[in-house]
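Just below is one structure, and these are the notes that go with it.
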Amino acid sequence: MEGDIRSLITVCLSVLASLCYAYFIVSKIPKGKLRLLSLLPIFSIFVTLPFLFSSILLSGFTALFISWLATFKLALFSFDLGPLATGPPKSLPIFIVIASLPIKIKQNQQHPYKPPKLPLNFAVKVLGSGVFIGLYDYKELIHPNIFLGVLCCQVFLFIEVVFSLCNSLVKSMAGLEVEQPSDEPYLSTSLQDFWGRRWNLMVTNLLRQIVYKPMKSAAEKVVSRQLSPLPAVVATFVVSGLVHELLFYYVIRASPSWEMTCFFVLHGLCLVVEVGLKSLFSGRWRLHWAVSAPLTMGFVVVTSFWLFFPPLVRAGVIDRVVGEIKFLFELVREKISPFNATMLKNL
């Protein structure tokens, strides 16, 4: 634990120094390949930071926030694109916040807040996450398929809670208006709806800018404008799969099984087929949402059972994550209990 605390300080200082270098020096270099080359030292630092931790949570969050997302944001920044370059000029603290946290700043107020159709606010998500963690103690009594269903819900809630905490922190500390991390993905009526408009919107936006749009422009030189989005979609999912495989490697430090990559490639290919069918039957026939929504989520869940979760379960990642979360809860409870006792005594 003490070693991870020292590593956390090292990581924070390394990220802070790297982003100060990007803000004060790299930003003065003309956009383009030269600016991208000047960022290579930062990229080389960012990809090594997760290895400093023994904690699976700290390693995983560092890999996601810094090695993946911050690297992608800086790569876009080298061409004056992405969240670090768009919008009004940014102060150093705002630049660091946007680069290092999984947030997406609202660019305009044209789209008012849309209340969720289901009452899953932050408190409900935290409560649900706690309930699912508690159920983990009884996993031996739960059917494997039911347990994987619980795991799906737990992953969704955990990601939502973490990203929402980041949003709340940024909003309260910096006063920035941020977009919601997801838009009720469980109501998706198609794969295009799930991946493009509802699930993990900040990551989706980054992948759209750094992979989809350049690949679409390149494909237009080879195929027609109407067909160019299809190879761009597949390329985007391939990159997403490889990055998820890298995140998994950071966590388990073992050779990849490539199941996660296959999961995303499969979804990319199926999305291409879906887009083709929509184009073929456009205006003539469309599934009712009461049919398309269960089919979409059923496909996502079943393929997750098949390809996404098995390597996590085999490697014991879930056991370690739950164990570390319980340890943190116990640590917080131990710190709070003396405080509560003192307060009651004073009363």
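Each Cβ is built from the backbone N, Cα and C atoms, and glycine gets one as well.
TrEMBL lists 6-26, 38-70, 142-163, 230-252, 289-309 with the feature transmembrane segment. If you look up TrEMBL, you'll see 183-264 marked as domain 'Wax synthase'.
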Mean predicted confidence [pLDDT] for the domain 'Wax synthase' (183-264): 93
Secondary structure content, the domain 'Wax synthase' (183-264) (per DSSP, counts of residues): 60 helix, 0 strand, 22 coil
